[in-house]
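Worksheet: one structure, shown below.
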């Protein structure tokens, strides 16, 4: 809330009208997202719009279609608690037990801060998208940078989600049809399942135009994610001796040299900055204050879930920990197969949210190349453009996922490059460009430190991941 006070003087009347439309009850409606129960009691402060005004009626109807605070939380939590959560034991393996704890606390604070910075930057710049804000302060080069960053993050995420579908759903179906003896039927093979599930479930969901339409699916996805975490926590210690890890070095208890690889994996799990503007503008009666509260709750819950999954998984598997912790369990374990089914369902609903972002990025890039006319943050793709772009993105990402299964390395590279740029470098840098004249050197220092932190993760983690990939030390992740 202190950030709001700092920037309030910079906001003009038009921006407050656009971004904090609500804070008064509309006639005939109840704002179930109000900050307290006293809203509406002071009639002197209530502005009653003219219901005969067509424009006012249109605004009211459009506002009613948007997500409540609860549904916005589900969308944000689902964006955070996505594929990255099952790689958390791998993150602890790379960071060490103490290093992992410090990583969760530090990244939790930083991600929470930069998420709120994005919305504050939107308000200050009077824009509706993350890329629009960056373009406002950095010009066309800035817009292209954030478009490529957002696009590559979402693109890599979509590939990862398809990989996870191949890691989870086949195990469940093979257990149901008793196909775990090595002779796997054609229809139960990994790549066949990826193609079938993506084509007939993820693809239709990806055709949705509005992110609000995914709110109910996001609610079910968040519930399924909680089931997954609890299943790993409870079932892991009950595994037979041969499936568990038994080797712990002294460095595993403290902080390891590969901690930057861990920061990349955790960053991928927590970063959802490319979705932020969409979720903010999908909120009913939106305001920066409400988004601040939403962000605090979502980040706290997400960090707790990630840490619980990370430490419980690493405690069981230790040196045997894989990039996807579910692949460390037997394929015939009934409880884990239920968790795999839940996780596969979670990917089916998270995948369309990434496609939503990716489609917007492609639309903007095509517009910059003059291949699409009149496309900006206030317009939508035509029906034909929507179908062609969505179909291309879904099946290209699906096709790439058929060629690899090293989830840990994929998320490390995405986290080290695009997530660092999108979450740790651009939000504070954009804010500095918008407000630097009104800040003292001490006030600017945290922004500079965050930017340096982002570059450190990008350079060190990427280098370590590429070296390991070249040496082939992560090949065991593909043995499922």
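Please read every residue number as a count from 1 along the shown chain.
Using the three backbone atoms N, Cα and C, a Cβ is placed for every residue, glycine included.
So that you can see what the record holds, here are the features copied from Swiss-Prot:
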type: COMPBIAS; residues: 37-46; note: compositional bias 'Polar residues'
type: REGION; residues: 21-48; note: region 'Disordered'
type: TRANSMEM; residues: 72-92; note: transmembrane segment
type: TRANSMEM; residues: 95-115; note: transmembrane segment
type: TRANSMEM; residues: 145-165; note: transmembrane segment
type: TRANSMEM; residues: 214-234; note: transmembrane segment
type: TRANSMEM; residues: 263-283; note: transmembrane segment
type: TRANSMEM; residues: 297-317; note: transmembrane segment
type: TRANSMEM; residues: 338-358; note: transmembrane segment
type: TRANSMEM; residues: 394-414; note: transmembrane segment
type: TRANSMEM; residues: 447-467; note: transmembrane segment
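Residues 73, 76-77, 80-81, 84-86, 88-89, 91-93, 97, 100-101, 104-105, 107-108, 111-112, 115, 225-226, 228-229, 232-233, 236-237, 239, 244-245, 266, 269-270, 325, 328 of the same chain, all 6+ positions outside the transmembrane segment (297-317), place their C-beta atoms under 8 angstroms from a C-beta of that stretch.
It is 95-115 that, among the stretches 95-115, 145-165, 338-358, 447-467, forms the most Cβ pairs under 8 Å with the transmembrane segment (263-283). Sequence-distant contacts of the transmembrane segment (95-115), counting only residues of its own chain at least 6 positions beyond either end whose CB sits under 8 Å from a CB of the stretch, comprise 251-256, 258-259, 262-263, 266-267, 270-273, 276, 295-296, 299-300, 303, 306-307, 310-311, 314, 423-424, 427-428, 450, 453.
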